[in-house]
Amino acid sequence: MPNNTLQHTEAPTYRVVTYGCQMNVHDSERIAGLLEEAGYVPDPRTDTLAPADVVVFNTCAVRENADNRLYGTLGHMAAVKSAHPGMQLAVGGCMAQKDKDTVVARAPWVDVVFGTHNVGSLPVLLKRARHNATAQVEIEESLVTFPSNLPARRDSAYSAWVSISVGCNNTCTFCIVPQLRGKETDRRPGEILSEIRALVNEGVQEITLLGQNVNSYGVQFGDRGAFAKLLRACGNIDGLERVRFTSPHPAAFTDDVIEAMAETPNVMPSLHMPLQSGSDEVLRRMRRSYRSTKFLGILDRVREAIPHAAITTDIIVGFPGETDKDFAETMRIVEESRFSAAFTFQYSIRPNTPAGVMKDQVPKPVVQERYEQLVELVDDIAWQENKAQVGRAVEVMFAQGEGRKDEATHRVTGRARDNRLVHVSLNPGDDVPRPGDIGEVVITSGHPHHLVADGGLVNLRRTRGGDAWHARQGQVSQGTPTVLGLPTVGVPRH
């Protein structure tokens, strides 16, 4: 049962643990902002199981393993909470929306359950749970407040997420997201651009536009060309160095977006284009509304307009009814597409989806074998593509937390314009770049998941983003969120 006794009079602490996609990471920044506005301070520890006065789990429901890991973690948290009277646990996000009636039944020590549509209610629900000494479960079926209208505590001083829409109008048979995020709701362009300008004024120099399907942005207010126009408008914002977006949908990806990418200098030459399957029959069963020929045509047009574009993708192995022939088609399309990285997943049955009740579910051993073959091919192609970068001069924006072995290898790490991960060795006398600073390097070796520049910096530019990072030092950090379900862009999933 929830415990409503606080044991100290200091400012209460919080930690947010994030599972899933970039949208969840952005939502977690909103959760952190709400809690700080309510008087909480971030707990400096990054260990998920370390005690804090409030621990919030922002969950994912795309795959079954995310469910299992969350409930496993909640099981461990029962003992932690028992040893720390007054501690509160909250579960939000997509899994909370899906399992609203069962979270507290499976984990009765949880204090608050909130969904994807009412993130802003969390502080009130925590207060109510403490006062009433009983769990508070509040799930809304439609959006209460657009997330970007809530306060935020951004994880990065120099890079930011910007939501352009929430929800999805597609009906992919394997996907549970539209049930949990609702129908698409678009923000007006002026509101989005005002937020971006405000972020740039704070030192942000890279933004990622977020939507479940960015290509359909604008349909709600009657402008099918709105996304391309938005990209071009971002090009007119002084101080905005890099613009990225995720995720598009092949069925709605149009040439005006390709032209906007090619003609807007601060829109980066990287594209994440989900394939899901190379088999037309499987795509039909998935209800993906495109076929492999259309997909390959998109890649051809992107590469014609943006020759050095790095293209990544998502692929599902073992969708119901997938035959050896279907899988061979996927392998053929992957070979032809030459992805710089691919996020490969084994099909996971999701409740209340058409695919979940389809006949001909593929046996697990077959799925595993195909998965391993696909990962091997994806890594081989990525390695070839990365080795082709050797000798190129690339611009790198250095980042905090990207190079997990930087201290041991004496390197610094960042992202190239095409979003490839680059590890850089500094020469004696080189200035040490701060996160957010931008340097030019020459690639000396390519590896399946990253590039290396062992020749030091060609030049280094101190940036407003680096200044913003420096100004943050000494503040309590929320640390790097725990992200499960979707890997960092550029790193194939194993």
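Here the Cβ of each residue, glycine as well, is placed from N, Cα and C on the backbone.
What Swiss-Prot says about this protein:
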DOMAIN    12-131  domain 'MTTase N-terminal'
BINDING   Cys21, Cys60, Cys94  [4Fe-4S] cluster 1 binding site
DOMAIN    154-385  domain 'Radical SAM core'
BINDING   Cys168, Cys172, Cys175  [4Fe-4S] cluster 2 binding site
DOMAIN    387-457  domain 'TRAM'
Cβ neighbour count (within 10 Å, all chains shown) around Cys168 ([4Fe-4S] cluster 2 binding site): 21
Cβ atoms near Cys21 ([4Fe-4S] cluster 1 binding site) (within 10 Å, other residues, all chains): 21
Spatial separation of Cys172 ([4Fe-4S] cluster 2 binding site) from Cys94 ([4Fe-4S] cluster 1 binding site) - C-alpha basis, Å: 17
[4Fe-4S] cluster 2 site shell beyond Cys168, Cys172, Cys175, criterion: Cβ within 8 Å of Cβ centroid: Asn170, Thr171, Phe174, Ile176, Val177, Pro178, Gln212
Number of helical, extended and coil residues in the domain 'TRAM' (387-457), per DSSP: 5 helix, 27 strand, 39 coil
Sparsest Cβ surroundings (other CB atoms within 10 Å) among the binding-site residues Cys60, Cys94, Cys172: Cys172
Integer Å distance between the CA atoms belonging to Cys168 ([4Fe-4S] cluster 2 binding site) and Cys60 ([4Fe-4S] cluster 1 binding site): 16
CB contacts for Cys175 ([4Fe-4S] cluster 2 binding site) [other CB atoms within 10 A, all chains]: 20
PLDDT averaged over every residue in the domain 'Radical SAM core' (154-385): 96
Helix, strand and coil counts within the domain 'MTTase N-terminal' (12-131) (DSSP): 57 helix, 24 strand, 39 coil
